[in-house]
Amino acid sequence: MNFIVEALNEVRKRKPLVHNITNFVVMNTTANALLALGASPVMAHAEEELEEMIGLADAVVINIGTLDSWWRKSMIKAVEIANEMKKPIVLDPVGAGATKLRTKVALEILDRGVTVLKGNFGEISSLLGEFGKTRGVDSSEYDEEKAKVLALSAAKEFNTTVAVTGAVDYVSDGGKVFAIYNGHKLLERVTGTGCIVTAITGAFVAVTEPLRAAISSLVVFGIAAEKAYEEAKYPGSFHVKLYDWLYRIDGEVIRKYAKVREVGV
């Protein structure tokens with residue numbers, strides 16, 4: 001998968017500035033992950049400075065994890081400004097389906113247009129009004145066969161690239177569907193790991209087209225998780241090793257460990 005290596009090299013060369021409107025739980029986590037990868041993070045939420053900040057940024061990441069009425073206004077305005085400036089937008093609809101507010105706000109953002117939509121099975125299902133359920137921010141009914149159909153259906157419905165995460169991750173642009181098999185089960189025991197994927201997708205989509213960006217972020221992060229587990233078997237030390245491997249991962253490691261293929265639906 002040479003395009004993944006090329007995308008990573010381009011991130012490290014260009015150091016894209018990723019503007020995150022994200023949740024309180026993961027601000028530090030995702031900022032450090034972006035830095036480890038080679039990108040530059042900024043966490044700015046004030047509505048009054050959005051136009052200036054987005055003007056400086058190479059991509060915008062919207063994560064609704066700690067949503068409230070004030071953040072809702074900033075998020076929607078940020079998406080509108082980013083679209084006007086033709087800046088790529090990544091949306092993580094954290095907890096969509098758990099409450100009406102989260103689902104409504106995610107759909108409001110999608111109506112305005114995003115470049116990549118990344119969420120778990122329950123979140124993406126709820127946005128389509130289909131078969132998933134969401135408990136908190138976790139998906140409770142992942143099904144591999146349904147997940148790949150869901151990725152394709154959501155990509156067509158929302159006219160965007162969609163990444164559905166789970167035991168196997170599926171990415172679709174509404175035409176092709178790819179399965180990514182990298183990752184580790186211990187990720188479930190560390191908060192914010194899905195949000196890291198969203199943030200680094202922002203870095204990748206700043207340097208390559210959306211389908212390749214979504215695949216690259218999932219493969220790179222999945223390999224980093226696998227390598228981290230080789231060195232740390234418990235959640236705390238594993239979390240630290242994730243940063244180390246986002247920094248250490250290179251073309252040789254990607255070519256050796258990437259597990260991604262196009263699949264039929």
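Cβ from N, Cα, C; glycine included.
If you look up Swiss-Prot, you'll see Met43, Gly192 marked as substrate binding site. Sequence annotations record features per position, and here Swiss-Prot assigns ATP binding site to Lys118, Thr165.
Here the features listed in Swiss-Prot are placed on the structure.
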| residue | record | Cβ within 10 Å |
| --- | --- | --- |
| Met43 | substrate binding site | 15 |
| Lys118 | ATP binding site | 29 |
| Thr165 | ATP binding site | 29 |
| Gly192 | substrate binding site | 23 |
TODO: Provide, as an integer number of angstrom, the distance between the C-alpha atoms of Met43 (substrate binding site) and Lys118 (ATP binding site).
DONE: 19
Open item on the list: Whole-number answer please: how many Å between the C-alpha atoms of Lys118 (ATP binding site) and Gly192 (substrate binding site)?
Closed with: 14
Task: Rounded Cα separation (Å) that holds between Thr165 (ATP binding site) and Gly192 (substrate binding site) - done: 14
